[in-house]
Amino acid sequence: MQVLVTLWCLICTCLVLPVAAKKRTLTASSLVTCMENSQLSANSFDVSFSPDDRSLHYDLDMTTQIDSYIYAYVDVYAYGFKIITENFDVCSMGWKQFCPVHPGNIQIDSIEYIAQKYVKMIPGIAYQVPDIDAYVRLNIYNNVSENLACIQVFFSNGKTVSQIGVKWVTAVIAGIGLLTSAVLSTFGNSTAASHISANTMSLFLYFQSVAVVAMQHVDSVPPIAAAWSENLAWSMGLIRITFMQKIFRWYVEATGGSASLYLTATTMSVLTQRGLDYLKNTSVYKRAENVLYGNSNTLIFRGIKRMGYRMKIENTAIVCTGFTFFVLCGYFLAGFIMACKYSIELCIRCGWMRSDRFYQFRKNWRSVLKGSLLRYIYIGFTQLTILSFWEFTERDSAGVIVIACLFIVLSCGLMAWAAYRTIFFASKSVEMYNNPAALLYGDEYVLNKYGFFYTMFNAKHYWWNALLTTYILVKALFVGFAQASGKTQALAIFIIDLAYFVAIIRYKPYLDRPTNIVNIFICTVTLVNSFLFMFFSNLFNQKYAVSAIMGWVFFIMNAAFSLLLLLMILAFTTIILFSKNPDSRFKPAKDDRASFQKHAIPHEGALNKSVANELMALGNVAKDHTENWEYELKSQEGKSEDNLFGVEYDDEKTGTNSENAESSSKETTRPTFSEKVLRSLSIKRNKSKLGSFKRSAPDKITQQEVSPDRASSSPNSKSYPGVSHTRQESEANNGLINAYEDEQFSLMEPSILEDAASSTQMHAMPARDLSLSSVANAQDVTKKANILDPDYL
């Protein structure tokens, strides 16, 4: 916790120090009317106030129909609370330009010095709090108390939480998470890749949900909430590059549209923080309703236009900007994968890398490329659908509309196809194997191409992403098509988020419990954001003070939660980079996907031929044994102790059904630890005997006659790669003993053995040796093979 607090303090210090050094000022660049048929309106408005020298610089271009002396009633509001109320006569302040006022245009560029008593009324915190929510309302009356005009000015202190550093940090960390999951998938670390991929995808969807909820056309978004949402606008592709804006303006005009120039206009005031658009054909308003009016020189942007303007993107270039960055990032992703593939091939050809490195990636790189592009389209699904739907209502130009149609077909079609194929393969797997994970994780083609659609979820809930994409699509429909009604958007999106929140708590579809908890928290924050924007839409007709306070709640909650998610992704990435086995750091998913996944194997040419022959021989030998043959040794021991006539258990096992049932019941018993130790020691001792035997007489081996009773032919003889002799059936039915006697070895016993006693002792052992070291020793086949007997050694 101490580390988190320290890191948070460092981040806040880095963001605040560059701004704190600036001079204290209050500025205003937008003036709007707050009553119908106001006799005073602004063509351009620029005011700045410095409390240090009490100077007020104003540059005004106004139009008025007033012809009289005027009196001003000033109300100053901060976060919806009235903090200053003053009434004054304009003539008494010495402003000769307004004493009296005559009809026509008023153009003033001047400096006035405010009295110290008025400067002291402004609290010092107003110059330090970022994205201050303060405005001044002036009601102008004539000498007979007739209300002539109402104007409203919004102030800013130049400090904001919308920082370039925050945008870069969030984008880079999210990109690192996606890159790490992609690399892990290439190396085959499926468990770690699934976990970090699921959490990174959830992080992306959360960032997009914050940007989407800020795109609602609500009445009044508090400045602090609007500024924080700008930090995550990059997740929707809204990134300004100057030369691109010129290209987009040319393209819109070349394809039959008319490009907007609000950012470069010098006689246009734009208000983006709050307010209602000018409502035509409307003449009746509630007395207490706060209605702002624009005119031909003052525009009020809200919704998607507001976010685009705050990102310094023209309205007619918003859709083009989002589409262009989506395509460019897609080309970069495809080029990166292809460059990696051919770079690896070049390194192998030049001898800089072994031929078995990245074998699975080189073999399936086309399906990996398709799966990566599908995953990328899935990430941009929210961006493409919202911008395309909104373009149908804006109609910037014919060319942009055609591109929007293509992207709608592309995104919706591919996501529908991925959902269909996932459900198809899962249903087929259930039909064939009674388990959806068999084909979804056992088939490499399906996993590489469509794995992005279901690996984040439990195998039982493979279909959840179809529900998630439907949820995103429905939200996109309301955000894109319902920009004319912020209340409709806010209420509909809250209901949709509430339904999905209940569903995710009910089903818990993600691959493990921690991932489910993270995504439930994400859905909780998303639901709270939707709830707050219902208040911002003025759906409940509450006072603006409520919305202003909720704006700070929105900022604090989302900033803290974003920090936690980013630290989680960084922690996962650090653990993976400094771990030799990343899969061991994560708990496996609560399904059997790991049992079906195919792990990376070396290339066929990388395996030595002799080693391959030996492995094949061992495999065929293993087939000669029944299942759990090692564990049957113990059951044979127990059976032989009960046999009074000394008959071998192998012969008696085929006698009656009752004995077969007893042997099958003992197959599941496992040897104890002491028995395993004795067995390993016996094998090591016999190997040492064989080594000493070979060293004592390496050149005295000659051909020897094999006794007829031991050279019985086997009807089930098998051939092995690289071995020319024919195997014989052994008495123990283990395929290991008598096969070596057909290699025509002849042992010269007189020259090897010192005397008859030693020869007799060596050829007539009290127990039969089952190890491979006994190939040079003659054994009595009538003796039982019991290597677990304590007297065996």
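From the backbone N, Cα and C atoms, a Cβ is placed for every residue, glycine too.
Taken verbatim from Swiss-Prot:
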- 701-719: compositional bias 'Polar residues' (COMPBIAS)
- Asn143: N-linked glycosylation site (CARBOHYD)
- Asn281: N-linked glycosylation site (CARBOHYD)
- Ser610: phosphoserine (MOD_RES)
- Thr626: phosphothreonine (MOD_RES)
- Ser771: phosphoserine (MOD_RES)
- Ser774: phosphoserine (MOD_RES)
- 649-674: region 'Disordered' (REGION)
- 689-731: region 'Disordered' (REGION)
- 1-21: signal peptide (SIGNAL)
- 22-163: topological domain 'Lumenal' (TOPO_DOM)
- 185-194: topological domain 'Cytoplasmic' (TOPO_DOM)
- 216-223: topological domain 'Lumenal' (TOPO_DOM)
- 245-249: topological domain 'Cytoplasmic' (TOPO_DOM)
- 273-317: topological domain 'Lumenal' (TOPO_DOM)
- 339-372: topological domain 'Cytoplasmic' (TOPO_DOM)
- 394-397: topological domain 'Lumenal' (TOPO_DOM)
- 419-461: topological domain 'Cytoplasmic' (TOPO_DOM)
- 506-516: topological domain 'Cytoplasmic' (TOPO_DOM)
- 538-551: topological domain 'Lumenal' (TOPO_DOM)
- 573-793: topological domain 'Cytoplasmic' (TOPO_DOM)
- 164-184: transmembrane segment (TRANSMEM)
- 195-215: transmembrane segment (TRANSMEM)
- 224-244: transmembrane segment (TRANSMEM)
- 250-272: transmembrane segment (TRANSMEM)
- 318-338: transmembrane segment (TRANSMEM)
- 373-393: transmembrane segment (TRANSMEM)
- 398-418: transmembrane segment (TRANSMEM)
- 462-482: transmembrane segment (TRANSMEM)
- 485-505: transmembrane segment (TRANSMEM)
- 517-537: transmembrane segment (TRANSMEM)
- 552-572: transmembrane segment (TRANSMEM)
Segment confidence, the topological domain 'Lumenal' (394-397), expressed as mean pLDDT: 90
Of the listed stretches 164-184, 373-393, 462-482, the one with the highest count of C-beta pairs below 8 angstroms to the transmembrane segment (552-572) is 164-184
Are there residues of the same chain, six or more positions away from Asn143 (N-linked glycosylation site), whose CB falls under 8 angstroms from its CB, and which are they? Ser68, Tyr69, Tyr71
Where DSSP helix means H, G or I and strand means E or B, what are the helix, strand and coil counts for the topological domain 'Cytoplasmic' (419-461)? 34 helix, 1 strand, 8 coil
Report, as numbers and ranges, every residue of the chain located at least six residues beyond the topological domain 'Lumenal' (394-397) whose Cβ falls under 8 Å of a Cβ in that stretch; write 'none' if there are none. 251-253, 255-257, 315-316, 319-320
Go through the chain and flag residues at least 6 beyond the ends of the topological domain 'Lumenal' (216-223) whose CB is under 8 A from any CB in it; none is fine as an answer. 131-133, 156, 160, 273-276, 302-304, 306, 479, 482-487, 489-490, 493, 533, 536-538, 544, 547-548, 550-552, 554
In the same chain, which residue numbers or ranges, 6 or more beyond the ends of the transmembrane segment (485-505), come under 8 angstroms Cβ to Cβ? 213, 216-219, 302-303, 467, 471, 474-475, 478-479, 516, 519-520, 523-524, 526-527, 530-531, 533-534, 536-539
Close approaches to the topological domain 'Lumenal' (538-551) from elsewhere in its chain (Cβ under 8 angstroms; 6 or more beyond its ends): 77, 79-81, 133, 218-225, 289-290, 487, 490-491, 532
